[in-house]
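K.L.:
I'd like to ask some things about the structure below.
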Amino acid sequence: MILPSSQLGQISAMYFAGLSMDRFGYRKTMMFSLGSVMVFLLVPFFATAALVTGGYRAGLGIVVGGSFLLDISPLKLRPALTIFVSMCWIFGQLLSTAAIRIVTTINDNDVLAYRIPVVFSVALARLNPDPAYPLDGQVKALELTDKQEKCDQKDSEITYMECFRGVNLRRTMIVVTTNITQQLCGSSLMFYSAKLYQKAGISSSRSYDFTLMQCAFGIICIVASWPLMKYLGRRTIWLWGLGGAVILMAGVGVLGCFHDTYVAITWAIAILLVVFTGVYNLSIGPLAYAINPEIPSTRQKAKTLVIGRVAYLVAGQFNMWLLPKMLEDAPNRWGLGPRAGMVYSGINVIFLVWAYFCLPEICGRPQVAIDELFKRRISARKFPQVEVETL
C-alpha cells in the first residue's frame, strides 16, 4: 500500500506543479516546493510511514527541476545539466543500497537510526547558489520563442487537453513513450538486482556488493554519456542503447534457463546485469532527461512533462505487479527468475521499432527550430537533414 500511495502523492503534486508553473512561474513554484519538502520531512521523523506525503514532496521537484534547467541553461550546457538529474537518482540508489548493506550494525532498539539522516537533509536547502553566468540572453530567447508560439497557436490555451491536440499530440506521445521505455526496458531488474542475484545462486552479501558495483558503474556511464551526445546525438545513442538492451536481456534470459547447471553461468548472469546497467546509464536512463524537456513547445512544456511523468509512474505500477510475479518461486508466482530477461528483451524490440520511426534527432537545435520542424510535420528520420533559419 505504501508504494501506490506514494505514487498517488507524486501524481497529485505534479498536476498542481504544472498549473503553478504557468501561473506563478518557476521561482515561486520552486520556493513553495522546497518549503513543502521541509514541512513534509517532519512526517517520517515523527511517524514510521510517509505514505502520500513522501510521494508529494518527490513529485513537486521532479517536474519543476527538469523544465527549469532547460530554460535557464545555455544550448551547449543543456545536455550535461539535464542529464545530471539522472545522476542524482543514481546517487540516491547508491546511498540507499549502502544503507541496506550496513543495516546489520544498527541495534533493533535504536528507533532514531533512520530518522536522524532525514533531519540532516534539511540542510541541503542551503546548497543552492546563484548562477555564475548571465541569463539575460537566455531569457530574451525564451520570450521570442513564446511570442512565436503564440502567433502559431492563436486559439490555443495552456491546458492539459492542448497537449493532445494538433502538433502537440505528436510531441506528447514522444515524451510519454520515452518515459515508458525507461520503466519497461528492464531497468526494474536493476532495482531488484539483489533479489535476482540471489535467485541465480549468489549469496546475499555478494548480491549487495554487485548492486553497489552497479550504482558506481552507472555514475561513470552517465558522465561518459555527456561527450557522446555531442558527437553521436540523442537518437543514435538511444537506438544503440535499446539494441544493446535487447541483446543483454535476451542473454540473461537464455542463461537463466541453465543457471542451475554450472556455477560459471550464475556469474555470467551477474556480469550481464552489470553491463546492462552501464548500457542503460549510457543511453536510455540519462537521455530521457535530455530529450523530454526539449521535445514540448515552450508554452506546453510543464504540462507535457507532467503527462510524461504520470505515464512513467503508471508503467512503474505495472512493473511492481509484473516483476515480483516473475521473480518469486512457483506455485504462488511464475518462478522465472533470470529468465524474466526474455520478457524485457521482447518489450525492448517494440520500443526499438518505435524509436526508429518516431524519435527525432534534436541535438544542437534551439527551441524555435524544434517548433518549426514539428510544425512542418517533418519525419523523425529526416530531422537532421532539414535546415531551419532562426533569428
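Every residue gets a Cβ built from N, Cα and C, even glycine.
Unlike curated entries, TrEMBL annotations are predicted automatically.
Values in this document were obtained by computation on a predicted structure and should not be read as measured data.
The transmembrane segment feature in TrEMBL is assigned to 30-50, 80-103, 210-229, 236-256, 262-283, 304-322, 342-359.
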K.L.:
Which bits of the chain, at least 6 residues beyond where the transmembrane segment (236-256) starts or stops, bring a Cβ under 8 A of a Cβ in it?
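P.N.:
Answer is 181, 185-186, 189, 200, 225, 228-229, 265, 268-269, 272-273, 275-276, 279-280, 282-284, 287, 291, 336-345, 348-349, 351-352, 355-356, 359, 361.
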K.L.:
Counting CB pairs under 8 Å, which listed stretch among 210-229, 304-322, 342-359 touches the transmembrane segment (262-283) the most?
P.N.:
210-229
